[in-house]
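Record features (Swiss-Prot):
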ACT_SITE  His12  active site, proton acceptor
ACT_SITE  His119  active site, proton donor
BINDING   Lys7, Arg10, Lys41, Pro42, Val43, Asn44, Thr45, Lys66, Arg85  substrate binding site
COMPBIAS  1-13  compositional bias 'Basic and acidic residues'
DISULFID  Cys26-Cys84  disulfide bond
DISULFID  Cys40-Cys95  disulfide bond
DISULFID  Cys58-Cys110  disulfide bond
DISULFID  Cys65-Cys72  disulfide bond
REGION    1-24  region 'Disordered'
Amino acid sequence: KESAAAKFERQHMDSSTSSASSSNYCNQMMKSRNLTQDRCKPVNTFVHEPLADVQAVCSQKNVACKNGQTNCYQSYSTMSITDCRETGSSKYPNCAYKATQAKKHIIVACEGNPYVPVHFDASV
């Protein structure tokens, strides 16, 4: 079974590009990362930074998660991210997405040993 840390990497890490390469980026990425397998995932964020930099956030600013848990951490620096949001015309299995580029602080939930990101909570 896929570990929570591996799932985070599959769903949220794209270190190979510095930003969304094209308007089709989200459609391709959401499909290739299996985020549209049994439904269209409405919103998903990809982080364009080295994995080590994202893992390091787990030792940065401790903040409360949206669900009230206390194991969330906010990055000290801004990171290059792409938000993929489902379009109005999107209908499973033909999921369609719009990409929004941003440089924001990310907030991730961390757990385990080693202490690594397992959930993308927000960007601010």
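All positions are counted from 1 along the displayed chain.
Keep in mind that glycine also has a Cβ here, set from the backbone N, Cα and C atoms.
Feature map: annotations from Swiss-Prot on the structure.
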residue : record                       : CB count, 10 Å
His12   : active site, proton acceptor : 20
Cys26   : disulfide bond               : 25
Cys40   : disulfide bond               : 18
Lys41   : substrate binding site       : 17
Val43   : substrate binding site       : 9
Thr45   : substrate binding site       : 20
Cys58   : disulfide bond               : 20
Cys72   : disulfide bond               : 23
Cys84   : disulfide bond               : 22
Cys110  : disulfide bond               : 21
Integer Cα-Cα distance in angstrom, Cys58 (disulfide bond) to Cys72 (disulfide bond):
8
Where the record names Lys7, Arg10, Lys41, Pro42, Val43, Asn44, Thr45, Lys66, Arg85 as binding substrate, the maximum Cα to Cα distance in Å:
22
Going by DSSP, how much of the region 'Disordered' (1-24) is helix, how much is strand and how much is coil, in residues?
9 helix, 1 strand, 14 coil
Surrounding CB atoms that lie within 10 Å of the CB of Cys95 (disulfide bond), all protein chains:
21
Taking the Cα atoms as reference points, how far is His119 (active site, proton donor) from Lys7 (substrate binding site) in Å?
9
Can you tell me the three-state DSSP label for Cys26 (disulfide bond)?
helix
Neighbour count first, Cβ atoms within 10 Å, every protein chain included; then name which of Lys7, Arg85, His119 tops the list of recorded positions.
His119
Lys7, His12, Lys41, Arg85 screened against Cys26 (disulfide bond), Cα within 10 Å - retained recorded positions:
Arg85
Name the one residue among His12, Cys65, Cys72, Cys110 whose Cα is closest in three-dimensional space to that of Val43 (substrate binding site); these are the recorded positions.
His12
I'd like to confirm something. Which of the binding-site residues, Lys7, Lys41, Thr45, has a Cα closest to the Cα of Cys95 (disulfide bond)?
Lys41
Cα-nearest neighbour of Cys84 (disulfide bond) within the listed recorded positions, His12, Cys72, Cys110:
His12
What Cα-Cα separation, expressed in whole Å, is found between Cys110 (disulfide bond) and Cys65 (disulfide bond)?
10
